[in-house]
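Asks: Pasting a structure here, questions to come.
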Amino acid sequence: MKRKLRKSVSSPLIGSGRCIAVFTSGGDSQGMNAAVRAIVRMGITCGAKVYLIHEGYQGMVDGGENIVEAAWDDVSGILQMGGTVIGSARCKDFREREGRLKAAFNLVTLGITNICAIGGDGSLTGANLFREEWSSLLQELVETGKINQEQATIHSHLNIVGLVGSIDNDFCGTDMTIGADSALHRIVECVDAITTTAVSHQRAFVLEVMGRHCGYLALVTGLACGADWIFIPEHPPADGWEEKMCGKLNNARSWGNRLNVVIVSEGAIDCHGNAITSQQVKEVICKRLDLDTRITVLGHVQRGGSPSAFDRLLGTRMGAEAVLALLEATPETPAYVVSLDGNQAVRVPLMECVEKTKEVTKALAEKDFDRAASLRGRTFQGNLEIYKKLGAMSKANKQKPYNVAIMNVGAPAAGMNAAVRSAVRTCLYNGYKALVVHNGYEGLANDMVETYTWKCVANFVAAGGSKLGTKRTLPSQCGFDKISEIINKRNIHGIICIGGFEAYHGSLEIKEASQAYPALQIPLIVVPATLSNNVPGTDISIGSDTGLNSVCETCDRIKMSASGTKRRTFVLETMGGYCGYLATMSGLAAGADAAYIFEEEFTIKDLQKNIYHLRNKMKGKIQRGLILRNEKANDNFSTDFVHRLYAEEGKNVFDCRVNVLGHMQQGGVPSPFDRNYATKSAAKAAFWILDKIENNLVDGKVVCNSQDSVVLLGMRRRQMLFQPVEDLKADTDFKHRIPNQQWWMQIRPLLRIMAHYQ
């Protein structure tokens, strides 16, 4: 049931009479500006005054023009900017009580008792110390005559909320820190560029990435790029690693690979705690394998550039939640850090996270590497486990008489090829034959089946689209008798189906037909892959992150065009079928004024309100507008209709242009998230298939007809779950090809808040 939220005009705003200050400290990271923007706009929406503290703690100590009140338009146009527009600086003064005393005076003078700190663990620890000393600092200011007792009484308590901004993703208590995803984008772009020259000259490359004492960037880069070896502090190599690494690189060459890639975290160590450097790794490769080997140290390029769509969304959601946490805080409330738990923004006691982060450093110093990895959290552990499984594999010593079919079904999605690569290699490493099916179920019915080797998928990980070819055709349209005939002919023992809603729908048909067709009584697993993100049973699908980034990049360029022309509004149509995920999330990430979707009904009155909003907006500093519309949002209010209405009603105030993004959203190189997610998901799916085959053998033949023989592997909050497809039917709107409940709908009100709707 759809509900409209109404604000009581008689009740005061939660932030009335309150002052909030925000600052960024420590190393900069992409997405900090999105957080600053969200804090300012959410604070103003709640009725509070919001101040920007420039140059971090140094600005707080120096005061004066470093602490300024922010207006709504002051944070316009910063969403897509890297770094931090309010500056960041290391501050020795704040480490001393005298410096903190000056900072307290500057804040009290302006009536600021709510602070949002954006930085790493050191910055947040400093903020908590400031909070604990606040009462004594005020008392000292009273005693020295800097403030009076009334001021001290009114401002007796300081509320602190932290947001973690760090490209290293090294803070315990959150799945992702602001900036880590963008850093991965920069790194993977560099690796892709290096790969082309490495292949040309058959070179080996050693890449050093940032991370200090955290191996997250190196680990995920290795998975996303198919690196041959990774050095990270949480999983150091044992003695004799030189020989093992060279053996792995040599094996890759013997299987037809023309390059080797080794990723080294800047904090990499061996099992004795001794540093492992890029130069050391290069010398080992050159000496033992006589390969032309080059070193690339990526350095601060990892911090630069525009933030990814994920970091914009993360910063926006965390910033809005931070304001609510500050305004709801009491003297008894602990200092919180706003964290990401699955797809939820949650509040976690700050010092619990800080202490846990310090425990990682302690565990590394004590060489308790398993504990250090576990303290990093489930996301890190999940990546590490997949790396261990894939990294430990070599050519199977014993071939098994079982065949696994791998295919794509539905529309192309970036990351499909990475998933195919992972599934093929996992099967081969375990002694199974990998059969790929071209053109989905249609290809299966027509026996378009090919045996793949390790070399066949060598260049798959960074390729967009679907190299196998994919169709939307369902099994019922191809004929179960034909499909059964090919399954018997090819002796297929299990199927890994990578695709979108049609892959899920087709698996249901296979399951329902299996009673009549014994050949279909084999294990089948669906790995969701679609930019629409409309598959039941999963919060996120392979390809949706790349699609989101594609839309955001286009929106950024269009906003530049609109800014140059002035008084112009663009109406953009996005893909997604009946699912509004892409329009909603890209609208929030790109700073759109509205996003029209099928799941949330809208009328001509809503369109008129949006036009009125834009007419008022054009009177201010920011004279541009951006409207997104999902392709099937409404049959009557088409993209052309919305464009014509805006053009007519905006006449003499703003002009209007229309842009249908089309299939460019499906193309392009897969993002680091989609590569990593695809690699992990397909490997898990392959291990599930292999287990099912070996545990359901009857006289050498696979017979698997239980409810859990056909499943969908989906991410629910933080867990990867194998869910019987029949259990998902109740949560499916088959007419519109979407789930009945979608988690991202709860984020939509934030889009209107950030757009400044009254």
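These residue numbers are counts, starting from 1, taken along the chain as shown.
Glycine is no exception: its Cβ is also placed from the backbone N, Cα and C atoms.
Automatic, uncurated: that is what TrEMBL annotation is.
Straight from TrEMBL, here's the annotation block:
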type     : residues                                                                                               : note
ACT_SITE : ASP168                                                                                                 : active site, proton acceptor
BINDING  : GLY27, ARG90, CYS91, GLY120, ASP121, GLY122, SER123                                                    : ATP binding site
BINDING  : ASP121                                                                                                 : Mg(2+) binding site
BINDING  : SER166, ILE167, ASP168, ARG203, MET210, GLY211, ARG212, GLU266, ARG294, HIS300, VAL301, GLN302, ARG303 : substrate binding site
BINDING  : ARG472, 530-534, ARG568, 575-577, GLU631, ARG657, 663-666, ARG737                                      : beta-D-fructose 2,6-bisphosphate binding site
DOMAIN   : 20-325                                                                                                 : domain 'Phosphofructokinase'
DOMAIN   : 403-688                                                                                                : domain 'Phosphofructokinase'
REGION   : 1-392                                                                                                  : region 'N-terminal catalytic PFK domain 1'
REGION   : 403-758                                                                                                : region 'C-terminal regulatory PFK domain 2'
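How about a rundown of where these features are and what they're close to?
Replies: Its own atom aside, the Cβ of GLY122 (ATP binding site) has 15 Cβ atoms within 10 angstroms in the protein chains shown.
There are 24 other CB atoms within 10 A of the CB of ASP121 (ATP binding site), with all protein chains counted.
In sequence order, ARG203, ALA204, PHE205, VAL206, LYS282 constitute the residues six or more apart from ARG294 (substrate binding site) in its chain with CB-CB distances below 8 Å.
Long-range Cβ neighbours of HIS663 (beta-D-fructose 2,6-bisphosphate binding site) (same chain, at least 6 residues apart, Cβ-Cβ under 8 Å): MET575.
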Asks: With ATP as the bound species and GLY27, ARG90, CYS91, GLY120, ASP121, GLY122, SER123 as its recorded binding residues, calculate the greatest Cα-Cα distance and give it in Å as a whole number.
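Replies: Of all Cα pairs among the recorded ATP binders, the widest measures 15 Å.
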Asks: State, in Å as a whole number, the widest CA to CA span among the substrate-binding residues SER166, ILE167, ASP168, ARG203, MET210, GLY211, ARG212, GLU266, ARG294, HIS300, VAL301, GLN302, ARG303 given in the record.
Replies: 33
Asks: Using C-alpha atoms only, work out the spacing between ASP121 (ATP binding site) and SER166 (substrate binding site) and round it to an integer in Å.
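Replies: Cα of ASP121 (ATP binding site) to Cα of SER166 (substrate binding site) measures 9 Å after rounding.
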Asks: Hey, what's the Cβ neighbour count for VAL301 (substrate binding site) at 10 Å?
Replies: 14
Asks: Here are the binding-site residues: ARG472, ARG568. Which has the lowest count of other Cβ atoms within 10 Å?
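Replies: Lowest Cβ count within 10 Å among the binding-site residues (ARG472, ARG568) is ARG472.
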Asks: On a count of neighbouring CB atoms within 10 A, which of the binding-site residues SER123, MET210, GLN666 is highest?
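Replies: Compared across SER123, MET210, GLN666, the most Cβ atoms within 10 Å surround SER123.
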Asks: I want the residues beyond GLY27, ARG90, CYS91, GLY120, ASP121, GLY122, SER123 whose C-beta is within 8 angstroms of the mean position of the ATP site's C-beta atoms, in chain order.
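Replies: Nearby residues not in the site list: SER25, GLY26, GLY119, GLY126.
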Asks: Cβ neighbours within 10 Å, counted over all protein chains: which one of the binding-site residues ARG90, ARG212, ARG303 has the most?
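Replies: Comparing the binding-site residues ARG90, ARG212, ARG303, the most crowded Cβ belongs to ARG303.
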Asks: Could you tell me the mean pLDDT over the domain 'Phosphofructokinase' (20-325), as a whole number?
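Replies: A mean pLDDT of 93 is what the model gives the domain 'Phosphofructokinase' (20-325).
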Asks: Quick one: Cα separation, ARG303 (substrate binding site) versus ASP168 (active site, proton acceptor), in Å?
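Replies: Checking the Cα atoms of ARG303 (substrate binding site) and ASP168 (active site, proton acceptor) gives a distance of 10 Å.
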